[in-house]
Amino acid sequence: MADKTGTLWYVMGPSGAGKDSLLAYARQRLPGGVMFAHRYITRPADAGGENHVALSREEFDAREAGGCFALVWRRHGLAYGLGVETELWLGQGMDVVVNGSRSSLPLAMARFPTLRPLWITASPEVLAVRLRQRARECGEVIERRLAEAASFAPPAGCEVLVNDGALAQAGDTLLRWLRGGRRVC
């Protein structure tokens, strides 16, 4: 057992903000002591976006009933879960980075006392371009996602990483936060 519990870096922000790209950027550049948790999602593995564990609805429900998840949420018709391995890593003193949900932040904060939220966003224009380019949603869904993005605000006192420019620029800022272990909210 570690002397110190690791930090859970809870990354969140609107669809199209570039969270998956930034997390991949950080993952390639951080040492092995920082774990990047895969999400378990009821979305096909080849749907694009993040590297996740694809589960059928039935398998997800069975794992949830079996206590395999430390945190579960449902958004946009999909079920998402963080595996209990997240708690094991934290207990061993490892820092863990997760791609979380804005609406599930209160649940996550109650479950993980060492949670530090990171808010990643982009301008409405950039969000719109990225959502159209990824071609996962139709026009009506994109408009709903943009309206939802405008309705969410970062938690009080939370620093915001605006990812409108080059990936390396925002990625290096994210790396400084993760390496520094400083409180950003």
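The backbone N, Cα and C atoms fix where each Cβ goes, glycine too.
Since the structure is predicted, the reported quantities are computational estimates derived from the model, not experimental observations.
Taken from Swiss-Prot, the feature ATP binding site applies to Gly13, Pro14, Ser15, Gly16, Ala17, Gly18, Lys19, Asp20, supported by sequence analysis.
Shown in sequence order, Ile120, Thr121, Ala122, Leu127, Arg130, Ala149, Asn163 are the residues of the chain, 6+ apart in sequence, with a C-beta less than 8 angstroms from the C-beta of Ala17 (ATP binding site).
Neighbours of the ATP site: apart from Gly13, Pro14, Ser15, Gly16, Ala17, Gly18, Lys19, Asp20, residues of the same chain with C-beta atoms within 8 angstroms of the site's C-beta centroid are Ile120, Thr121, Ala122, Leu127, Arg130, Asn163.
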